[in-house]
Amino acid sequence: MAAGNAKGGFAHRNKSVPKKTDAKSLKRKRGQEDLGKLKAAIEELDPKSPAIKQFTDLPLCEATASGLRASHFEVLTDVQRAAIPLALKGRDILGAAKTGSGKTLAFLVPVLEKLYHAKWTEYDGLGALIISPTRELAVQIFEVLRKIGRNHFFSAGLVIGGKSLKEEAERLGRMNILVCTPGRMLQHLDQTANFDVNNLQILVLDEADRIMDMGFQSAVDALVEHLPTTRQTLLFSATQSKRVSDLARLSLKEPEYVSAHEAAVSATPTNLQQSYIVTPLAEKLDTLFGFLRTNLKSKIIVFFSSGKQVRFVFESFKRMQPGIPLLHLHGRQKQVARMEITSRFSSAKYGCLFATDVVARGVDFPAVDWVVQADCPEDADTYIHRVGRTARYESKGRAVLFLEPSEEAGFLKRLEQKKVPLQKVNVRENKKKSIKNELQSYNFQSPDLKYLGQKAFISYTRSIYLQKDKEVFNFNKLDLDGYAASLGLAGTPQIKYQKGDDIKRLKNASRAAISSGSESDSDDEGKPKKDKKQVRTKYEKMAERQNQDILSSHYRKLLGEDGDAAASDDDDDFLSVKRVLADDAQIDAAAGGDATNTTTTEPKVIKLGNSELIIDSNRREKLLKSKKKLLKYMDKGTKLVFDDDGVARPVYELQDEDDFAQQGPAAALRQQFVAAESEKVKEADVDDKQAAKMRRREKRERQKARERGEELERVGAGGGGGGVAMLDGGEGDEGDEDPLALLRSLPIAGEESDGGRGGGGEDEGDDGEVEPPRKKARKWFQDDSDQEEEERQKKKKGGKKVIEMAEEPENLEDLEALAAGLLED
């Protein structure tokens, strides 16, 4: 039986059970079969089939399809319906669609499918490279990739700069998909040794027109040189380029041009309400502040042309508190701060974000109500991308553009060529509020804010000056003085790139002859030239010291202290003496050919007030730059005050003898002065008497109140619980009152009143005399020894009694009462 059982059990173990290796092989076989079916379905797929409406209609692997379902992506958009089938077939694509139409999924799905069909693993290296022009857009693409690719086994990385290059380099070798910006990627291709891109399968350029423009052209050219030519390339943007040079640069092979809205009436979404406002440059900030005050319950993005403008408007509006949360974002911020601000604005229900074009392309902020372009964009494409931050995914949105009067005609013509409809609106006068005075006050209080305002002015004017489209941007028509005043600046900052007449060249034109003659004479005499490396004294070094503050040089340039140097190409300092010149007679003689007087030079003399300053050394030349040191040569200022008649008079004005004599005889003036002072004394005496009378009255009232209080205490002590006190001494007293009864009734410090302990009958003895006060009752924690100790301590103090006084004695009666209390046993 046992053997049989053993045999039966052995036979049971020998049945065919699949091993692990068999399970893996079966799984691999099923995967190959599924992959073969997918490839066959892709070959049979018609890209222009109208039946393709959802992601389930596409031949996608289960990992991608499940990721799309989990992320709630079901229906295909127009650009996805046109681009994904072609990309699955391996074609190069040029995709163009309106903002917010789903271009990100149009290239992420082909990327995942491309690597899945190639059976890509972590050991195969980099398979897909996605390039974005901005860090914010790259982060957004990476987050979408993580959502839809959660079921794949590919490793993905984000390389956008702002972090340690060494840490990124250590992880690059293990990445299959990289989302990056052009500059950082090129840096890794040049410096990271173990980074290999020879097996790259697919290259994606999001916002390709921005990447291909002059700002990134050199980086893209260098980056493409590292990539293999057998790759598949996908280019997507809201405004696509068809230039042959761009296509040849990226080695595109027979690209398919996909435009989901090529036949559309407008290049912008139909549910986007667009308008523009013509506002002078000096009223731009006033209009913007009024706009924010009227849209407090909205989510707004305000675009400026430079980061300095963003910082100034944010800092100044933050002080004025328009009533809406404010944020700012520009390219000079740290990456951590940029990501935090992006996250805060995305999750906010209401708020205003001041930003540059770093968020103008591709970045998806949910539920944006308004897009305000405070500065005119450089072209129509930039306008389309900016307004694309609202009205995304069939939602509604509104956009408004601020145009300067000189920019209106030219820019509207550019927008008409791009099929962008705009409606002109006017600003209500009651909604305008001038903030110029407030900004000027803030600039006066904060030098840093004033510096930001100056830099904002310069950055804006520089951007206008460097624009290529001169039909739209005319620098000479700008009201620079009014714009500077609207920023709260006291004066218009100097602009170096605003060319004018070369004043220094014109000023020195008549001195050319004397300068050349003096140089030739010095050469003939054989005088040695000044050695640049000669030893300088410590005083000369002290005279050449400059302020090392980081803002000092900027302040000098902005305030125009460099003088003519701001309008010329030279960097020479203002009032720097180049050469000690002769007087006018010698200059005229030198110009006429008389070279005999050119060698005789005299020190230059400058008149400062009533004194003269002789410039005969380098130290005196440096003295001209110091206003503080020049004060001692100037006239001393006089301080004036205005009298009641509005006449300006010196602070210390003394009368002379003649002026005093005109007023009359001295005796009469003396009597007049004494009479006037007597009247003042009489008036003051009346007030003093009234004050003394009030003090006496208050004193009497206090005394009466004190007496009433003492009477009430005496009645309470004798009555024993509310009874009437007995004022006579009983039968044996014969009606005579005790004169010290009142004094004995005064409370003594350290003793308690016995009133209220018993009735009136208990306080009197059989003989009619008042009993002495009882001893203090013992507490529950005291015994006889404690009470005896207290009595002993009182005797040691000499039996001194302390009488509490409410106030100091004021008359004889008070003193007698006090003495009687002290003498009483």
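Glycine too: its Cβ is placed from the backbone N, Cα and C atoms.
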Tell me which range among 53-81, 140-168, 372-400, 633-661 Swiss-Prot lists as motif 'Q motif'.
53-81
Range among 206-209, 254-257, 490-493, 594-597 that Swiss-Prot annotates as motif 'DEAD box':
206-209
For G102 (ATP binding site), name the DSSP secondary structure in the helix/strand/coil scheme.
coil
Using a Cβ-Cβ cut-off of under 8 Å, list the residues of the same chain that are 6+ residues beyond the ends of the compositional bias 'Acidic residues' (805-816) and lie near it.
699, 702-703, 706
For the compositional bias 'Basic and acidic residues' (700-714), DSSP counts of helix, strand and coil?
15 helix, 0 strand, 0 coil
In sequence order, what residues of the same chain, 6+ apart, have a Cβ less than 8 Å from the Cβ of G102 (ATP binding site)?
T77, V79, Q80, Y393
Name them in sequence order: residues not among A97, K98, T99, G100, S101, G102, K103, T104 whose Cβ is within 8 Å of the mean position of the Cβ atoms defining the ATP site.
T77, V79, A238, G388, R392
In the same chain, who gets a Cβ under 8 Å from the compositional bias 'Basic and acidic residues' (19-34) while lying at least 6 residues past its ends?
61-62
Provide the number of Cβ atoms within 10 Å of the Cβ of K103 (ATP binding site), excluding the reference atom itself.
25
Determine which residues of the chain contact the motif 'Q motif' (53-81) at the Cβ level, with the cut-off under 8 Å and only residues 6 or more beyond its ends counted.
34-35, 38, 41-42, 45, 88, 95, 97, 101-103, 105-106, 109, 112-113, 116, 147-152, 236, 258, 260-261
Densest Cβ neighbourhood among T99, S101, T104 (binding-site residues), 10 Å radius:
T99
